[in-house]
Amino acid sequence: MDKIVLKGGTPLHGEVEVSGAKNAALPILASALLAEGTTTFRNVPDLADVKTMLAVLRTMGCEAERLTGKKADTCEISITGDITPEAPYDLVKTMRASILVLGPLVARFGRARVSMPGGCAIGARPIDQHLKGLKALGAEIHLTEGYVEARAKQLKGGMVNFDVITVTGTENVMMAAVLAKGRTVMENCAREPEVEELARVLNKMGAKVEGAGSSVITIEGVESLNPVDHAILPDRIEAGTLLVAAAISGGNVLVKHARPEHLDAVIDKLRESGCTITAEGGGLRCKAPRSLKSVNITTTEHPGFPTDMQAQLMALMTVSHGTSVISENIFENRFMHVPELHRLGADITIQGHTAVVKGVKGLSGAQVMATDLRASASLILAGLRAEGQTEVSRVYHLDRGYERLERKLRGLGADIRRVKERA
Ligand code: EPU
């Protein structure tokens, strides 16, 4: 098991590039199941979760590989022979997003057997809305032996009104509806840029999806889809994390490929805290102020403030002047970084789904433990500011969603390294 060891106190400077978006790559890799032939995706981040999705596709009989050398950002997926439309427990338990194969499998092969994802560290995370949507398209769904079994000779277009806004639920049902017979109207959809990106890929394949990025998506089913070649959009959460790295270290960093239109809510909060954020050279520059100000944050669905940036902004608030109230409205248990931030000297009180953060003068380095992906990023950010050495263990959480973060931060001047730890 690796750990990250860093010494705080160096203002970060320079330029850094954002990798492809994890949460776009996962559904997009699953969408390859919809077409016969070889699909090519570029700008695919090299992450543990992407490896898991490729493994899920391989267990079914697809060829799913990352290329090497100059093409190491490219994954090719081919469906040539027979497919076993099944995602086993051993893989799904390591990544809930494996459920994204359910929609494409039932649409294309008429049946699917996918292990039910359990809860995870940040919440219970049910999939009832995915199943509701597939049933509305005529799939018969049974839950047996911990598996979701879905069957439909031919899905039929239908009305889907989600009771809860769900990102992967919207994506799963969208991937099913593209091959359904007739028209599907999906209401109360997630509006995240990753949903829009998936629709872009599906339309390139020959699907007829309209309205992705808004809350109503309309899909005219088509008979078949073709393989495509597509480069995945940059990761807005990685970009946001790097902007916060500049802010918390008192630095000045250009985050290349960061797309301002995907980061409105994050940019607003960074500006409110005193940072100067400017669009520059196809990216965003963050210049930290002399002294950061506290801001309040409420997480909501896109285009609101993303839950995936809550832990990182909380790290920033621990050293900002004043008191910040942070409300988490998407997941019921996404404050696990708080006890670890306490170990670095932060003053945070949790009341239900709200955290009250009183800015302190300084943090001091300590040994801390990552508990989930974004929590691990927040601990590294706090470590960039802390006096002395911080050691973050259980960094396999970090590796699920950040491509070589420590190397990127080192390129900006941070004193940070990865150390192999004995299990
Ligand atoms: N929900 C239900 N029923 C459902 C689906 C969701 O009640 O059928 C609830 C969830 O329990 C949660 C809320 O709806 O309270 C939103 O969950 P959503 O389904 O939108 O989350 P997700 O699709 O499982 C994706 C991202 C997460 C991100 C959330 C919210 C992917 C692969 N994952 O998860 O990313 O936090 O949307 O924006 O796209 C991360 O990258 O760190 C991460 C956790």
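Quick reminder: no glycine exception, Cβ is built from N, Cα and C everywhere.
Per TrEMBL, the feature domain 'Enolpyruvate transferase' maps to 7-409. What TrEMBL lists as phosphoenolpyruvate binding site is K22, N23. Annotated UDP-N-acetyl-alpha-D-glucosamine binding site per TrEMBL: R96, R125, P126, I127, D128, Q129, D308, I330, in sequence order. If you look up TrEMBL, you'll see C120 marked as 2-(S-cysteinyl)pyruvic acid O-phosphothioketal. Look at TrEMBL and you will find C120 tagged as active site, proton donor.
Sequence features annotated in TrEMBL and their locations in the structure.
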| residue | record | Cβ neighbours (10 Å) |
| --- | --- | --- |
| K22 | phosphoenolpyruvate binding site | 26 |
| N23 | phosphoenolpyruvate binding site | 23 |
| R96 | UDP-N-acetyl-alpha-D-glucosamine binding site | 18 |
| C120 | 2-(S-cysteinyl)pyruvic acid O-phosphothioketal | 14 |
| R125 | UDP-N-acetyl-alpha-D-glucosamine binding site | 17 |
| P126 | UDP-N-acetyl-alpha-D-glucosamine binding site | 14 |
| I127 | UDP-N-acetyl-alpha-D-glucosamine binding site | 18 |
| D128 | UDP-N-acetyl-alpha-D-glucosamine binding site | 11 |
| Q129 | UDP-N-acetyl-alpha-D-glucosamine binding site | 21 |
| D308 | UDP-N-acetyl-alpha-D-glucosamine binding site | 25 |
What is the average pLDDT across the domain 'Enolpyruvate transferase' (7-409)?
96
Cβ neighbour count within 10 Å of I330 (UDP-N-acetyl-alpha-D-glucosamine binding site):
19
Q129 (UDP-N-acetyl-alpha-D-glucosamine binding site) to the residue listed as '2-(S-cysteinyl)pyruvic acid O-phosphothioketal' - Cα separation in whole Å:
17
Reduce the DSSP letter at I127 (UDP-N-acetyl-alpha-D-glucosamine binding site) to three states and note it down.
coil
Could you round the CA separation between I127 (UDP-N-acetyl-alpha-D-glucosamine binding site) and C120 (2-(S-cysteinyl)pyruvic acid O-phosphothioketal) to a whole angstrom and send it over?
13
Consider only the recorded positions C120, Q129, D308: which of them have a Cβ under 6 Å from an atom of ligand 1? Write none if no residue does.
Q129, D308
Once the DSSP letters are reduced so that anything not helix or strand counts as coil, what is I330 (UDP-N-acetyl-alpha-D-glucosamine binding site)?
coil
Assuming the binding residues for UDP-N-acetyl-alpha-D-glucosamine are exactly those in the record, R96, R125, P126, I127, D128, Q129, D308, I330, what is the maximum CA-CA distance in angstrom, rounded?
22
Assigned element (helix, strand, coil) containing D308 (UDP-N-acetyl-alpha-D-glucosamine binding site), judged by DSSP:
helix
From the Cα of C120 (2-(S-cysteinyl)pyruvic acid O-phosphothioketal) across to the Cα of I330 (UDP-N-acetyl-alpha-D-glucosamine binding site), what is the distance in angstrom?
14
If you measure from the Cα of N23 (phosphoenolpyruvate binding site), which of the recorded positions R96, C120, P126, D128 is the nearest?
R96
Taking the Cα atoms as reference points, how far is D128 (UDP-N-acetyl-alpha-D-glucosamine binding site) from K22 (phosphoenolpyruvate binding site) in Å?
23
